[in-house]
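J.: Quick one: structure below, then a few questions.
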Amino acid sequence: MSDMKLFSGNSVPKLAESIANKLYVNLGNASVGKFSDGEINVQINENVRGSDVFIIQSTCFPTNDNLMELVVMVDALRRASAGRITAVIPYFGYARQDRRVRSSRVPITAKVVADFFSSVGIDRVLTVDLHAEQIQGFFDVPVDNVFGSLILFEDMLKIDLKNPIVVSPDIGGVIRARAIAKLLHDTDMAIIDKRRPHINFSQVMHVIGEVFNRDCILVDDMIDTGGTLCQAAEALKKRGARRVFAYATHPIFSGNAVKNLQNSNIDEVVVCDTIPLSKIIQELPNVRTLTLSSMLAEAIRRISNEESISAMFEH
């Protein structure tokens, strides 16, 4: 499909601008704001009839505002006769609410949001490192889940690692850690065994694996309060780890994240720009950001030209 147009909400303006620059296009002209009562107000200020439209919007904090911006923009574009609408969601919020645990009386909010997107008229979704890949099955439209972790891996190769070992911060992240370990010449793995007695709190129980005098690479899909990673780093250092690096795609950094990172034993935290960092986080000396703009721009180009997305990750 030709006549590609890019639009952006207010969640990741710098990333959206960078993607547009990589594709040699200008961001579409749209007014995205609020009425005096807080309701989302959107107006598309250019012709989009028949166009292949991409909306770049993370559903990060403020989550509900950014979510509503996205769906209201989709509705405005649909009513303006856009040919195809792809939601580019670098960070997909509500992804952690993807199941009912032991039949507890809770919603599966990831499914609710997926249904919301389908019903409003989104034709396709492009996202990065979903918290659980099976969330793709919640959608009634095609979903491309690209791997920001490969950008992180490329950065790992630039660090002078001494006797590295890849560490999963919990049992659930073993598959992700194993994939990174395989890319790093089948290096060894360790696992942090933790318990989570309640939300946003975890307790490290054991370190499974030998980390003495080794550079430890903690890998995760996101950092929220940072409590898990900081506890993991402390446990690794107590067991003689030489250095501890933490790599994660999505920098949520909520709650006590700043305090946790300031007081942590992590030598460096490396994240991607799927969520904008607050000024105080940006000023932390042990936090560094990598951009996904080139990868997302290439994925958008391939979708628009009906080319394979999986081919991006076959080498």
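Here, residue 1 is simply the first one shown, and the rest follow in order.
Each residue, glycine too, has its Cβ placed from N, Cα and C.
Not my notes, these are from Swiss-Prot:
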{"type": "ACT_SITE", "residues": "LYS194", "note": "active site"}
{"type": "BINDING", "residues": "ASP37, GLY38, GLU39, ARG96, GLN97", "note": "ATP binding site"}
{"type": "BINDING", "residues": "HIS131", "note": "Mg(2+) 1 binding site"}
{"type": "BINDING", "residues": "ASP170", "note": "Mg(2+) 2 binding site"}
{"type": "BINDING", "residues": "ARG196, ASP220, ASP224, THR225, GLY226, GLY227, THR228", "note": "D-ribose 5-phosphate binding site"}
J.: Is any of the binding-site residues GLU39, GLN97, GLY227 within 10 Å of the residue listed as 'Mg(2+) 2 binding site' (Cα-Cα), and if so, which, in sequence order?
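T.: Qualifying among GLU39, GLN97, GLY227: none.
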J.: Which one, from the binding-site residues GLN97, THR228, has the smallest tally of other C-beta atoms lying within 10 Å of its C-beta?
T.: GLN97
J.: Given the binding-site residues GLY38, ASP224, GLY227, find the one whose Cα is closest in space to the Cα of LYS194 (active site).
T.: GLY227
J.: If you run the three-state DSSP split on LYS194 (active site), which class comes out?
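T.: Reduced to three states, the DSSP call for LYS194 (active site) is strand.
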J.: In Å, how long is the longest CA to CA span across ASP37, GLY38, GLU39, ARG96, GLN97, which the record gives as the ATP binders?
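T.: So the maximum pairwise Cα distance among the ATP binders is 30 Å.
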J.: Residues with Cβ closer than 8 Å to the Cβ of GLY38 (ATP binding site), same chain and 6+ apart in sequence?
T.: none
J.: According to DSSP, which kind of secondary structure is GLU39 (ATP binding site) found in, if we only use helix, strand and coil?
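T.: Coil, per DSSP.
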